[in-house]
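Taken from Swiss-Prot, the feature disulfide bond applies to Cys291-Cys357, Cys320-Cys389, Cys324-Cys391. Residues annotated as N-linked glycosylation site in Swiss-Prot, with sequence analysis given as evidence: Asn85, Asn213, Asn236, Asn349, Asn373. The signal peptide feature in Swiss-Prot is assigned to 1-25.
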Amino acid sequence: MALLTILRILLWGVVLFMEQRVQMAKPGWPSTALLADDPTLPSILDLAKEAPGKEMKQWPQGYPLRYMLKLYHRSADPHGHPRENRTIGAKMVRLVKPSANTVRPPRGSWHVQTLDFPLASNQVAYELIRATVVYRHQLHLVNYHLSCHVETWVPKCRTKHLPSSKSGSSKPSPMSKAWTEIDITHCIQQKLWNRKGRSVLRLRFMCQQQKGNETREFRWHGMTSLDVAFLLLYFNDTDDRVQGKLLARGQEELTDRESSFLMRSVRQACSIESDASCPSQEHDGSVNNQCSLHPYKVSFHQLGWDHWIIAPRLYTPNYCKGICTRVLPYGLNSPNHAIIQSLVNELVNHSVPQPSCVPYNFLPMSILLIETNGSILYKEYEGMIAQSCTCR
């Protein structure tokens, strides 16, 4: 009889809370029907998809790699945590190297290469927000000193030279004095990015011998196209992904209210029926065995991923372990289902398993990696580091 009374009170509590939910279904409150997909779930599988496999080309070297390493260290700490004061302005940056280059016959003191950059606009979850070309405006070689610039083969393309010390109005850029950067966002977005299939950005890299060197015959011998120019593409989350994160935060607020309401119902039921076999933490063992977060570190070398992940070297995913007590603590933010499941296990049917200790909140992680085609990618992956635990 006491058990039936407890369950009856709990069911009435659920009904009352659902009525409160209906009243809250007004502007300013996220609809629970839209909260099915939680975008903060761990994305380690998304990271694994980036693995280039054995067909990966040679490990990048030289200035492009140094550029991306400096960009990474400005945007993330040594553990891969995105810095709060980062100025990169994007969740993902891809360094694209030329897929082909053609040396043109010299015209007087001018020496020209054409560089082709492949563009794949299949980033469904991301939108292109910025595109720049970084190139060497000075070439100091043995017996040669050249001044260089780039031109696009895109009609009516507007470009904007960026100061060597900046990458935008107030964003520092990891550039040396011999390199400069131009903004070609308009060219890419308006002329090339929305085309079906693959597009190619073609640039002319033009260098002029300085006075006094014209008599010597200049050749591009020993210089790769990546030594003179590369393309940077900046991406951000689409509106749908941002909206999904806002909805997820609203879901957490609702879950906290639900858990608090149901836990009060449990205590009220037990106080009314004092002779009932109420759930108690006294039988749940040591407090040290309760569900909690445990630190853990692993290197990408141990995972076999160090041949394509440049930085960081270590990964601290953490893990959740412990007993989900019969009365779930409020601080665990357990959902209604876990609270009811725990009560059913204790009071009604022991064959129903108790909730499991699993991660609840996650932190993102910034990773610098090499793609199959040799491009270098900086990307912030959501849900990589467990920050807290819950019972579900």
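Every residue, even glycine, has its Cβ placed from backbone N, Cα and C.
On the structure: features taken from Swiss-Prot.
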| residue | record | DSSP (3 states) |
| --- | --- | --- |
| Asn85 | N-linked glycosylation site | coil |
| Asn236 | N-linked glycosylation site | strand |
| Cys291 | disulfide bond | coil |
| Cys320 | disulfide bond | strand |
| Asn349 | N-linked glycosylation site | coil |
| Cys357 | disulfide bond | strand |
| Asn373 | N-linked glycosylation site | coil |
| Cys389 | disulfide bond | strand |
Asn85 (N-linked glycosylation site) and Asn236 (N-linked glycosylation site), Cα-Cα, nearest whole angstrom: 17
Sparsest-packed of the listed disulfide-bonded residues (Cys324, Cys357, Cys389) - C-beta count within 10 angstroms: Cys357
Distance from Cys357 (disulfide bond) back to Cys391 (disulfide bond), taken between C-alpha atoms, in Å: 5
Within 10 angstroms of Cys324 (disulfide bond), Cα basis - glycosylation sites out of Asn85, Asn349, Asn373: none
CB contacts for Cys391 (disulfide bond) [other CB atoms within 10 A, all chains]: 26
When distances run from the Cα of Asn85 (N-linked glycosylation site) to each of the recorded positions Asn349, Asn373, Cys389, the nearest one: Cys389
10 Å Cα neighbourhood of Cys357 (disulfide bond): matching recorded positions from Cys320, Asn349, Asn373: Cys320
Fewest-neighbour residue among glycosylation sites, criterion Cβ within 10 Å, set Asn85, Asn236: Asn85
Using Cα positions only, nearest of the recorded positions to Asn349 (N-linked glycosylation site) (Cys291, Cys320, Asn373, Cys389): Cys291
Fewest other C-beta atoms within 10 angstroms, as judged across Cys291, Cys320, which are the disulfide-bonded residues: Cys320
Asn349 (N-linked glycosylation site): tally of other CB atoms within 10 A of its CB: 8
Cβ neighbour count within 10 Å of Asn373 (N-linked glycosylation site): 14
